[in-house]
Amino acid sequence: MAAHYHSFRSSVPGLILLLQAAFILLFYFFISDAEDSLPTFAYAAFQDVNHMLLFGFGFFFLFLRRYGFSSTGFNLLIIALGVQCSVLAEHLLTFLLQRQDQDDLNRITKAVMSMTAVVTSTGAVLGKANPVQLILMTVVEMTLFHLSRRLNNVFLQIPDKSTLMHVHLFGAYFGLAVSSRFSEPSPRSEKSKRTPKSALFSMLGTLFLWVFWPSFNFVVAVGSKGRAISNTYFALAASTVAAFVLSALTSNDGKFHMTHIQSAVLAGGVAVGYASPSIEYPWIAMILGLLASLVTILGSYCWQRCLNPALKIHDTTGVHFTFGLPAVLGGLAQVVLLVVQNWDNLPRLGSLVLTQVGAFCLTISVASITGFITGSILNLKVFQSIPASKYFEDQFYWEFPHLAVGF
């Protein structure tokens, strides 16, 4: 069997080269140079988002004891391919809808932000999907995410930048749907467990994400960008404090649980993303951060003990309660804020609420349905999915003879 899979892995460079050649040709014929007129701070924001994607998620996924090389290496590979695919998908839909094209820096910033959806989905199938499956999932999901954004933009009149904030929502539920089509690993598998060193590296990724998250919400803010930064920071701070409190309260011996901290401290940034420019007072953002941390930690207990055994969905990184549930909470918070701010205009209020609820339902529906179909296709015999006994192993893909000892 080892020789059979070795032959399969030899075809991966051919797929990568074919995709890159196709991207170069498509860029040559369809992507024109655009004059950059953005201010200097726009490049700084792009750098922050890029750091989140590469360093933040790259280290955040580095918790599996025997899957360190693959977690960081495959993350870099799919980002490099996915950003190119994102630019092309965005340009194609812009051309079909006869919209104005954007400058280079804005174009690549949106492409990098859109890749957050794919990277989030990757967390659900981390260690289970082979490189070919990850690459194909990247291309398909990137196209579908932009299609979902355009559906919200055209039919529900959601602003273009606002649709970008659906990356966590789309990525989490697309990844869960894909993961439902993969075999579950053995619950007693030692390879899926953490070690102190791997947990420390993963916490480093959390710190990168925490530091740069205000820039993420700043880039897509529709309205006051200063409020977006301030509210995001205070929401993150509140969710961090709540994470430590809840982690100690929910553990048997009153000690902090590193998994809780890594997931819940980011929940505030996800939840406040939709409404960060429109929240007038920081204490509202802080309350939202506290609730997001509560939802994350309680959601992790409910998912792992109740829903996971019933639905047979294995979520490797816990993207559902780290990104999915806080994103749903953020959507509900946005609706509540709209009700409060437009209470004196009931006809307009009804339209705004239905539009926002419709946008979230549409995003989750498209992500779940297309994710299930994508997962079914990826597990066809032609893609030769690895057996569950070979999950979470670097030595299956990398030249590193010492991985058998452990990370």
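Count begins at 1; order follows the chain as displayed.
Cβ coordinates come from backbone N, Cα and C, glycine included.
The annotation transmembrane segment is assigned in TrEMBL to 12-31 (among others). Proximity of distant same-chain residues to the transmembrane segment (12-31), defined by a Cβ-Cβ separation under 8 Å and at least 6 residues beyond the stretch ends, is recorded for 77, 81, 84-85, 87-88, 91-92, 95, 131-132, 135, 139.
TrEMBL lists 18-382 with the feature domain 'Ammonium transporter AmtB-like'.
If you look up TrEMBL, you'll see 43-64 (among others) marked as transmembrane segment. For the transmembrane segment (43-64), the list of distant contacts is 71-72, 75-76, 79, 105, 108-109, 112-113, 115-116, 119, 122-123, 126-127, 191-192, 194, 198-199, 201-202, 204-206, 208-209, 212-213, 215-216, 218-219, 262, 316-317, 392, 407: same-chain residues at least six beyond its ends, Cβ to Cβ under 8 Å.
The annotation transmembrane segment is assigned in TrEMBL to 76-96 (among others).
Residues annotated as transmembrane segment in TrEMBL: 200-222 (among others).
Long-range Cβ contacts of the transmembrane segment (228-249) within its own chain (Cβ-Cβ under 8 Å, at least 6 residues beyond either end) map to 210, 213-218, 221, 255-257, 260-261, 263-269, 271-273, 275-277, 279, 282, 284-290, 292-294, 296-297. The transmembrane segment annotation in TrEMBL covers 228-249 (among others).
Taken from TrEMBL, the feature transmembrane segment covers 281-303 (among others). Outside the transmembrane segment (281-303), and at least 6 residues removed from its termini, the chain residues within Cβ reach (under 8 Å) are 230-232, 234-243, 246-247, 250, 259-260, 263-265, 267-268, 270-272, 275, 315, 318, 320-322, 325-326, 329-330, 333.
The transmembrane segment annotation in TrEMBL covers 323-341 (among others). Panel annotation: around the transmembrane segment (323-341), residues 120, 166, 168-169, 171-173, 176, 266-268, 270-275, 278-279, 288, 291-292, 295-296, 299, 349, 352-353, 356-357, 360 of the same chain, lying at least six beyond its termini, place a Cβ under 8 Å from a Cβ of the stretch.
The transmembrane segment annotation in TrEMBL covers 353-380 (among others).
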Over the domain 'Ammonium transporter AmtB-like' (18-382), work out the mean pLDDT and round it to an integer.
90
Using a Cβ cut-off under 8 Å, which residues of the same chain at least 6 positions beyond either end of the transmembrane segment (353-380) come close to it?
121, 129, 133, 136-137, 140-141, 144, 147-148, 151-152, 156-158, 163, 166, 169-182, 328, 331, 334-335, 338-339
